[in-house]
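Features of the protein shown, as given by TrEMBL:
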DOMAIN    5-146  domain 'Glycosyltransferase 2-like'
TRANSMEM  308-326  transmembrane segment
Amino acid sequence: MNTITVAVPAYSRPDELGQLIDSVLSADVLPDELLICEDKSPRRAEIRAVIESMRPRFAAGACALTYIENEENLGYDGNIRKIITSSASDYVLILGDDDVLFKEAIPKIRAFVQQHPQANFISRTFSRFAEQPQNIINTTWIRTSDCVIKRDDADPNIIFRLCGFVGGLVINRRWASQLATEEYDGYLYYQFYLACLAYLGDGIGYISAAIVGGRAGNPPLFGSADSEKDTHIPGSYRPKGRAKMWQGLLAIAADIDKAHGSNIYPYIRNELAGRQAYHIFEMMPAQGRAATLDLFHELRRLKLTHKAMPWLLTSYILVFGPYARIGFALSRRLQFAIEQHAGLKL
């Protein structure tokens with residue numbers, strides 16, 4: 001039977017981490033290992049205290065607890081790479097340190113990898129929750145049944161949709177360890193690099209059931225590692241930081257196209273300038289008109305304003321200012337209602 005590690009890159013969220021550990025221990029079937037890599041955060045002592053207080057609950061031995069404190073701050077990409085290579089299992093299920101594991105996750109993953117052993121990178125349906133896991137806001141899905149998505153039956157723009165949110169991604173440890181690289185550290189999308197290679201290979205697996213929950217509303221904490229501090233500011237997504245993340249996606253796509261003779265870059269460029277532009281602009285009313293213009297100029301610098309979406313949303317926020325958030329919220333409610341009741345993916 002394939003073994004599974006729940007692997008958590010931890011940074012300055014001791015309270016949420018405690019809730020995550022609770023969710024793992026409350027699962028119907030426990031994973032073989034819970035691995036936590038703390039990335040030299042200011043709250044390391046608190047995180048250590050949380051883990052040590054919960055260690056006795058692992059004494060039965062059904063799930064091993066491994067806790068690593070990084071000697072240096074590796075940053076997001078470096079710590080994702082660290083948890084993969086440090087795992088003791090065949091497959092690594094990544095959870096952000098403020099995510100939770102759903103009760104039936106492990107059996108669903110085991111069933112999937114048994115049926116699709118060729119899938120080295122597996123995406124999944126996930127839910128967003130507010131404060132407590134039972135307060136589900138919405139569920140995000142790509143397919144309505146388990147499958148393997150291959151380059152012959154889906155355009156490359158689907159790659160980012162499958163891996164943009166890292167919580168719940170399942171990765172073959174040996175496969176990913178052989179592909180490890182520091183080339184894209186600081187771009188905050190190491191999983192996109194792996195997902196592209198999986199797409200070009202045996203495909204990206206997809207588990208249609210929601211197996212994890214992602215916490216809504218927590219600010220990002222990127223910006224402490226050497227590879228991040230010049231651009232990212234802990235606590236928010238600023239225009240320059242967001243632009244660097246998208247620059248990374250384009251760089252990864254271009255490099256993989258060059259190495260493999262593929263054609264991922266133009267699809268990802270169109271995805272970012274279209275569908276994904278909505279996701280980042282809906283965060284901007286709270287940051288104001290000046291920041292919105294900064295974001296538009298950053299996208300223009302990256303040649304990502306060739307679609308109508310950045311122009312329309314920039315204009316909308318400039319006209320309505322902070323009240324633009326109302327329109328975004330209503331649009332999301334309509335989208336989720338249609339997807340839930342009509343089964344139509346928008």
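Quick reminder: no glycine exception, Cβ is built from N, Cα and C everywhere.
Predicted automatically and left uncurated, TrEMBL annotations should be read as such.
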In the domain 'Glycosyltransferase 2-like' (5-146), how many residues does DSSP put in helix, strand and coil?
50 helix, 38 strand, 54 coil
If you average per-residue pLDDT over the domain 'Glycosyltransferase 2-like' (5-146), what number do you get?
97
